[in-house]
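Trainee: Submitted below is the structure of interest, expressed as structure tokens.
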Protein chains: 2
Amino acid sequence: MRFDPATLVYDDHGLIPAIAQDHVSGKVLMLAWMNADAVARTLETGRVTYWSRSRQAFWVKGETSGHVQELVEMRVDCDRDCLLILVEQTGPACHTNRRSCFYTGIKDGAETELMAPEV
Amino acid sequence: MRFDPATLVYDDHGLIPAIAQDHVSGKVLMLAWMNADAVARTLETGRVTYWSRSRQAFWVKGETSGHVQELVEMRVDCDRDCLLILVEQTGPACHTNRRSCFYTGIKDGAETELMAPEV
């Protein structure tokens, strides 16, 4: 079956959450949002492209930082309301310069830093 | 720093997306939603508990199916608006009986099934 981004289920803002996962290590890098056009652009260009909710604009990941995400494979979940994006990540995925945005763990009720920024 | 679920950033519906990842294989299993009480219950009980948007009720994963998720570690992202939940998953995570909800891949513009239901 041909894939049509219009068949995905978007929220009230026309967005769908997209989980970026490192295709080699399996590390979950970040979650960001796409609209139908961002899904189409990601598939067409092979460069992972989100929709920035704060800037209300396309966000080609790494366009300014150089920390690009090359698309390896896009997956859709059973409810068609979430995407899993397997990526080849150049450098850190997080704006804090950490490999992953999920660098804070909750241990015994306290927050603990799991990962240092890359240098 | 003590962790307080009230310090997370919730959407207009009071919800935060939670990504469940198999703590052994690294496989991303599903994405569901939590409110502040579901976050607290998950941490208190060690049993991953979402908020069902369709039923508008707490959803203790696996309570009816037996396919429970035991909490291994909860992580918070840099913007505090997404959770990564490392879990010990019993059986399939997906209601279709597949290990993961992300069983549909997009390859060369077509949808392809990557994973069969467990028997």
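Backbone N, Cα and C define each Cβ position, glycine as well.
Dumping what TrEMBL says about this protein:
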type: BINDING; residues: B:Asp77, B:Asp79, B:Asp81; note: Mg(2+) binding site
type: BINDING; residues: B:Cys78, B:Cys94, B:Cys101; note: Zn(2+) binding site
type: DOMAIN; residues: B:30-103; note: domain 'Phosphoribosyl-AMP cyclohydrolase'
Trainee: Which ones in the same chain are close to B:Asp81 (Mg(2+) binding site), with CB under 8 Å and 6+ residues apart in sequence?
Mentor: B:Leu8, B:Val9, B:Tyr10, B:Asp11, B:Ile16, B:Pro17
Trainee: So if I draw a 10 Å sphere around the Cβ of B:Cys101 (Zn(2+) binding site), how many other Cβ atoms end up inside it?
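Mentor: A count of 26.
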Trainee: Per 10 Å Cβ neighbour count, which of the binding-site residues B:Cys78, B:Cys94 ranks highest?
Mentor: B:Cys94
Trainee: In the domain 'Phosphoribosyl-AMP cyclohydrolase' (B:30-103), how many residues does DSSP call helix, how many strand, and how many coil?
Mentor: 10 helix, 29 strand, 35 coil
Trainee: Expressed to the nearest Å, what is the distance separating B:Asp77 (Mg(2+) binding site) and B:Cys94 (Zn(2+) binding site) at their Cα atoms?
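Mentor: Roughly 24 Å, rounded to the nearest whole number.
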Trainee: Could you say which of the binding-site residues B:Asp77, B:Asp79 has its Cβ with the most other Cβ atoms inside 10 Å?
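Mentor: When each Cβ's neighbours within 10 Å are tallied, B:Asp77 tops the list.
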